[in-house]
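Swiss-Prot lists 1-249 with the feature domain 'PABS', giving sequence analysis as the kind of evidence. Per Swiss-Prot, the feature S-methyl-5'-thioadenosine binding site maps to Asn29; the stated evidence is sequence analysis. Summarising the annotation, Swiss-Prot assigns spermidine binding site to Asp83 and lists sequence analysis as the type of evidence. Positions annotated as active site, proton acceptor by Swiss-Prot: Asp155.
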Amino acid sequence: MWITQEITPYLRKEYTIEAKLLDVRSEHNILEIFKSKDFGEIAMLNRQLLFKNFLHIESELLAHMGGCTKKELKEVLIVDGFDLELAHQLFKYDTHIDFVQADEKILDSFISFFPHFHEVKNNKNFTHAKQLLDLDIKKYDLILCLQEPDIHKMDGLKRMLKEDGVFISVAKHPLLEHVSMQNALKNMGEFFSVAMPFVAPLRILSNKGYIYASFKTHPLKDLMAPKIEALKSVRYYNEDIHRAAFALPKNLQEVFKDNIKS
């Protein structure tokens, strides 16, 4: 048996699977979980793949990309995603997390897939809301958008950031779909003084890129090495990974030179 991952409209990968473990469908999402000899369990959410053995890569990178460039991380907002492992990593800081996800049926179906599902959901500093309007009005130190935001969502979310807050969003991979990344950077630059693309170094099973944006905080100049060294129980993230995430080959430096704001 095989499952197919669409990397771009013109590039696909296939993975061998042994069995389907779960099939859950809601109004807006489809979740299938498969057993794989090489990758443990594989979750397919709306044709995007999550590998249980490698969940820590994205969750560590995004959480500590924000946490280690901020002196304080008191209030965090996560929108448009299901990744509770990201919240688990963020709880390494003294923080409160607002997690916005309307599809409770799909979220609860990840109960056996996310290793820290119960630990996160039962944390007193974790608030799950179905929509942003259900939350108290506040400003955030870090906002993570786990789907590509359109320009209207960017505008709304940036208004919820503190002056030194950090906004991290998913984008297309800069090498695979550089035009899409270029457009995303251009849009982000309409709202932020800092807008820089990055990827997860050595992550071979992903088609994702990301953007780090802020009014004043810089992902490299404001990196705090002592905070990185103090992190416990991390398997992927370190200072070298953080810095390498922003490295671009010469040709992409030229492509993005008018869109990167640093």
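Every residue, even glycine, has its Cβ placed from backbone N, Cα and C.
Sequence features, as recorded in Swiss-Prot, placed on the structure.
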{"residue": "Asn29", "record": "S-methyl-5'-thioadenosine binding site", "contacts (Cβ under 8 Å, 6+ apart)": "Leu45, Asn46, Asp103, Ile106"}
{"residue": "Asp83", "record": "spermidine binding site", "contacts (Cβ under 8 Å, 6+ apart)": "Leu55, Glu58, Ser59, Phe114, Leu146"}
{"residue": "Asp155", "record": "active site, proton acceptor", "contacts (Cβ under 8 Å, 6+ apart)": "Phe191"}
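Note on the domain 'PABS' (1-249): mean pLDDT across this stretch is 95.
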